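S.K.: Please read through the structure below; I'll follow up with questions.
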Amino acid sequence: MKGRIELGDVTPHNIKQLKRLNQVIFPVSYNDKFYKDVLEVGELAKLAYFNDIAVGAVCCRVDHSQNQKRLYIMTLGCLAPYRRLGIGTKMLNHVLNICEKDGTFDNIYLHVQISNESAIDFYRKFGFEIIETKKNYYKRIEPADAHVLQKNLKISSPGQNADVQKSEN
């Protein structure tokens, strides 16, 4: 299936499309606050279009936790018939490019249902690693456990390592 993949802004005019996509793609339902927040994150939320049809979306937020600036991928998904066409890759690359241009993010992370092997494989291709598994993360879906996948964006500078070596001598 050949086609044109484009990313578009999420606006009050198309937020209902995002809601419908999320209802179909994800086993979890998102509340009104989720969608209100999505309208305020700018480039961190995008609808994905395949030949002008909305088929997927990515929604992220900036998270300041663990004394770090982190990007949290709340949702990234695509309708089943449109998977493996490069749409997820385009959405993830968009988010990674934002982080790279910004230059101040320590890492990017997300939760994935432990049974979702295709998602886990997808993120691993981009350098994400499973850093922990949260028991009973999801309510009302099975399996309820989620892996936390993370990609580190900051490489510790050589100067820091040199200091550590000096103090050991």
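Glycine is treated like the rest: Cβ placed from N, Cα and C.
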S.K.: Select from 33-36, 41-44, 137-140 the stretch of residues annotated by Swiss-Prot as region 'Substrate'.
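M.R.: Within the set 33-36, 41-44, 137-140, Swiss-Prot attaches region 'Substrate' to 137-140.
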S.K.: Work through the recorded positions one by one (Tyr30, Met74, Arg84, His111, Phe122) and point out the residue whose CB has the fewest other CB atoms within 10 angstroms.
M.R.: Arg84
S.K.: Going by C-alpha positions, which of the recorded positions (Tyr30, Tyr72, Met74, Gly88, His111) is nearest Pro81 (CoA binding site)?
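M.R.: Among Tyr30, Tyr72, Met74, Gly88, His111, Gly88.
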S.K.: Would you mind checking how many other C-beta atoms are within 10 angstroms of the C-beta on Tyr72 (active site)?
M.R.: 16
S.K.: Of all the binding-site residues given, namely Asn116, Ala119, Lys125, which is spatially nearest to Arg84 (acetyl-CoA binding site) at the Cα level?
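M.R.: Closest by Cα: Ala119.
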S.K.: List the Cα distance (Å, whole number) between His111 (active site) and Tyr30 (substrate binding site).
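M.R.: Just about 15 Å between their Cα atoms.
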S.K.: For Ile87 (CoA binding site), which residues of its chain lie six or more apart in sequence with Cβ-Cβ distance below 8 Å?
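M.R.: Result: Ile5, Ala48, Phe50, Val55, Gly56, Cys78.
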